[in-house]
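This is the structure I have questions about; it appears just below.
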Amino acid sequence: MATSGFKHLVVVKFKEDTKVDEILKGLENLVSQIDTVKSFEWGEDKESHDMLRQGFTHAFSMTFENKDGYVAFTSHPLHVEFSAAFTAVIDKIVLLDFPVAAVKSSVVATP
């Protein structure tokens, strides 16, 4: 099966008093400055039952052209600096990094 890029998926539960808006702005700023990030999406869970959510509230997804692009991102000085601040406000986290097996192309939002 052919792959279509490399994905970095992060699901988090922030600590109680975290200023999530500041973290989101920092993350958006970070990905805009590192060229190897080809796409970035994030969302806050609004629909899952608490029992199923297990406390996790936010998901972040980045796509890279390949694993080398991801490795360049993780070692970039801006990412290293941001990671320290991000880690400090995390209560729980799940990370998945994998080659993408694209079955259907992206959904285009309608106005």
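Just so it is clear, glycine is given a Cβ too, placed from its N, Cα and C backbone atoms.
Since we're looking at a predicted model, the values are computed, not measured.
Annotation source Swiss-Prot lists domain 'Stress-response A/B barrel' at 6-98, citing sequence analysis. If you look up Swiss-Prot, you'll see VAL31, ILE34, ASP35, VAL37 marked as Mg(2+) binding site.
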Between the binding-site residues VAL31, ILE34, VAL37, where is the Cβ count within 10 Å the lowest?
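If we count Cβ atoms within 10 Å for the binding-site residues VAL31, ILE34, VAL37, the smallest count is at ILE34.
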Taking 10 A as the limit, how many CB atoms besides its own sit near the CB of ASP35 (Mg(2+) binding site)?
11
Take every residue in the domain 'Stress-response A/B barrel' (6-98), average their pLDDT values, and give the whole-number result.
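Its mean pLDDT is 94.
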Hey, for the Mg(2+) site built from VAL31, ILE34, ASP35, VAL37, who else sits with CB inside 8 A of the CB center?
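Surrounding the site, in chain order, are LEU30, SER32, GLN33, THR36, LYS38, PHE40, MET62, PHE73.
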Using DSSP, how many residues of the domain 'Stress-response A/B barrel' (6-98) fall into helix, strand and coil, respectively?
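Going by DSSP assignments, the domain 'Stress-response A/B barrel' (6-98) contains 39 helix, 33 strand, 21 coil.
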